[in-house]
Amino acid sequence: MILFRKFRVLILMVFLVACTMHIMIDLLPKLEKRAAGSSSSAGGGGGCSCAHTPGEEPRSWAKQRPRAAASEPGWPNKHSLRLLQDFSNEPNSNLTSHSLEKVTERAESEKRVRQLQLGSEERGLMRDAASGQKQRAGQGSSRLKALYEHPLYKPDLPHLSEDDSLFNLNSDVRFYPKAARQQEWHNEGNAEEEEDSPAGEATGESYPNWLRFHIGINRYELYSRHNPVIGALLKDLVSQKITSVAMKSGGTQLKLIMSFQNYGQALFKPMKQTREQETPPDFFYFSDFERHNAEIAAFHLDRILDFRRVPPVAGRLVNMTREIRDVTRDKKLWRTFFVSPANNICFYGECSYYCSTEHALCGKPDQIEGSLAAFLPDLTLAKRKTWRNPWRRSYHKRKKAEWEVDPDYCDEVKQTPPYDRGTRLLDIMDMTIFDFLMGNMDRHHYETFEKFGNETFIIHLDNGRGQINLKRSTYLRLQLLAKEEFKLSSLMEESLLQDQLAPILIRPHLEAMDRRLRLVLKVLADCAEKEGFLSVVENDLEGQPSSHHHQAHRGR
């Protein structure tokens, strides 16, 4: 009995010692941090012992979320955050995050410097070439400026009635909840004036650029040729603070919805392949990765072709830790973050195909570039109609699409609404040429704004995968872009230099666009020789009788 009591006392003592050690281990980092803070303050701030450079966040995965988020139920606490270190596959991965910081602080700092140096050398070569091109473009004449001064880029739109504008500035804008209640984007210094002004009476210039972009959408275009709001919006996409991130539902690949401090939103497509990587010839068009640089290039090509049907897109270098992981409230996205064996921050999200550790998106060490496409107006405010592309691919490994095997398919389409009248069929041809120049074979659907019915333009969305009657305006611009003084590849190169991630396309991609343009013009020339010019090219630059549209389509 006495032996049994001694044994119980021994067990109790061991338990108390274990608890005491556990408490000391948890308190030790806080005491160290407090001691470091007091010593640094006593020394005037000159003895900083941080391993990371100023302005850079530590790479520690033990960093907690902001208190408001950390206190929410369901979010992992600091102990479960430490478990993420186990993904590093390193000998010390089972240490706590605090002790890991202590052991590897100097090594991690030196390694990070080496990685940044290597990465910067790689990108520096391309950036130096791009900056040199920017300087030469600034010193010499601008082909892009000369192009936009050409008469083909001067025609005015018809007079816009109230029915031709997507929104009415005085009434519809009030339905934007944030725009109606918040005035944080107004010019500073006019606080008294803002307080006295009702939200609905604010001038258009006082709205954020994303809202001004929405207000400018009309029946004929997403934005006007020389609208200064577009340039300002592109800058916002690059510089606005990211306040929240969520995964976009649907799709085969991961896309993120990013919200900004000014209440704007954009679709982020992260970099999955380098600019030099080519799609293997044995890949099907529907199994290729989406390319972020193709999204950026599509916006610039759309402007050069004077279509103005692609929402503004800009490239941005994003900090995956600070601007994605730390601000997301999407738990499914948050749980997919991990540290790679190379000590880079990675995540993969959720989607139907390429969302797994094998297809993870990794930063260097936590920086990743991607494209940000400005959102169109919310569907509750401006409904859009989705149309099946008549010339979509079969999306099957063995079957061909109907248009590839049926010689009468084109005639059937021309007799089917909405392709039997108006400019819809011609707009489809514009879109087809646009996709061919981009190398995009994945245009299965397209959209239009429901308010404008069938008499409106086609919105060119989702350009990541990078039949013929034609408008005369498009035909003349294609001919212009084939001339040496307005060479398409040179114009694209100059236009893309404006993007933060320049160079966007490498030389072989630019030269491929010139080759494709020559192919388009050759097909047009062959059709015109066979069917007659007026049967292939429809004059949209002057008023034409309504019957001319049907006459022009007979030769297709």
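Just so you know, glycine gets a Cβ as well, placed from its N, Cα and C.
As annotated by TrEMBL, region 'Disordered' applies to 36-142, 181-203. Annotation source TrEMBL lists compositional bias 'Polar residues' at 86-98, 132-142. Per TrEMBL, the feature ATP binding site maps to Gln253, Lys269, Glu290, Ala373, Ala374, Phe375, Leu376, Glu447, Asp462. Here TrEMBL flags 337-532 as domain 'FAM20 C-terminal'. The feature active site is assigned by TrEMBL to Asp442.
Separating the Cα atoms of Gln253 (ATP binding site) and Asp442 (active site) is a whole-number distance of 14 Å. Asp442 (active site) has a Cβ environment of 18 other Cβ atoms inside 10 Å.
Of all the binding-site residues given, namely Gln253, Glu290, the one with the smallest number of surrounding CB atoms inside 10 A is Gln253.
Across the fold, the C-alpha of Glu290 (ATP binding site) and the C-alpha of Asp442 (active site) stand 10 Å from each other.
The average pLDDT for the domain 'FAM20 C-terminal' (337-532) in the predicted structure is 90.
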